[in-house]
Amino acid sequence: MNAMESVEVALDTLPENRSYTIHIGQELLTRIDLLLPHLPGKKAAIVTNTTIAPLYLEKLRSALAEHQVETFAVILPDGEQYKNWETLNLIFDALLEHRCERKTPLIALGGGVVGDLTGFAAASYLRGVPFIQIPTTLLAQVDSSVGGKTGINHPLGKNMIGAFYQPRLVLADSATLTTLPDRELRAGIAEVIKYGLIHDADFFDWLERHMQQLLARDPETMNYAIRRSCEIKAEIVSLDERESGVRALLNLGHTFGHAIENTMGYGAWLHGEAVAAGTLMAADLSKRLQRITSQDTDRIQHLFENAGLPVKGPRITPERYLESMQLDKKVKDGAIRFILLDRIGKASLDNTVPTLLLLETLSACVANA
């Protein structure tokens, strides 16, 4: 399927209309007609990394040059361990060296780390410049490029420093997924499964039937998975941009998952891998609280297993998990707020989880030594 599909993120209820479009399809990197309305000064900074630059940077720069758009590239090291102040300053250095002005947009060409760093730089440089997301991983196309969360990690906690700052446009070129390593593809599927679990039981059913086609990168299957994921996220973000309510449900599995990433060291586990194990922990806790059935947890585990994702966390002591989870962004009045499942297709927040049940989950859901 080569037809382009579009999803609107409606953010027009505030003083200024910050709505934008997500375009999904094949070979969108060269669809400069989609980019030009957001390049008023005919100059742009392209932020990418050492992995993506050899694959797609010149393709994008050449297409822009044909329309007289001047660009320069900022090539960052690749990896979650580089999502920090030092790497962020590399972007600021380049923007200042090229005397970029407030109308100079930043284009994020890469995965979630590139997008988060570029967005935070755009939110901060000159107190705000435009930016565009061109995500090249499945995880970024279905999740991190949409919704305006930007930021960096701190040694004590993931994504603890950042800003809400919306892109002007998202171009999800599914053709870039052909060069994505299998491990990265599976990590992105973890976030796709999340959308079915929190919001759409029919989508979860569809994923059960189409997992092998997704893993085989069938274009039509992939485009539908991306579109449906973006539709769900756009709907939730439009209702709650700054995560004061329903948007927190998008963090299913992330309280446990961030603890895994932080404790094991950024980059040891891919974000999607940690979310997968964390989602199984959340499902186990939901079962112990009698919110969902054993049959539900079995279905969830089987789907993650069929995607080739971890269903057990690393062997960290419950105490270390708890220590890391206390630094979660959703902590309120000192209490950890968990996203739990009420059924497949519906989730809710709970800040009254008994410590004993939580410890049981943490003991049951880690790999054997």
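In case you wondered, yes, glycine gets a Cβ from its N, Cα and C as well.
What you see is a predicted model, and the numbers here were worked out from it, not measured in a lab.
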Binding-site annotation, Swiss-Prot, Zn(2+): partner of Glu191, His271 in His199, His254
His254
Give me the CA-CA distance between Glu191 (Zn(2+) binding site) and Thr137 (NAD(+) binding site), in Å, as a whole number.
12
Pairwise Cα distance for Thr137 (NAD(+) binding site)/His254 (Zn(2+) binding site) [Å, integer]
19
How many whole Å apart are the CA atoms of Gln81 (NAD(+) binding site) and His271 (Zn(2+) binding site)?
12
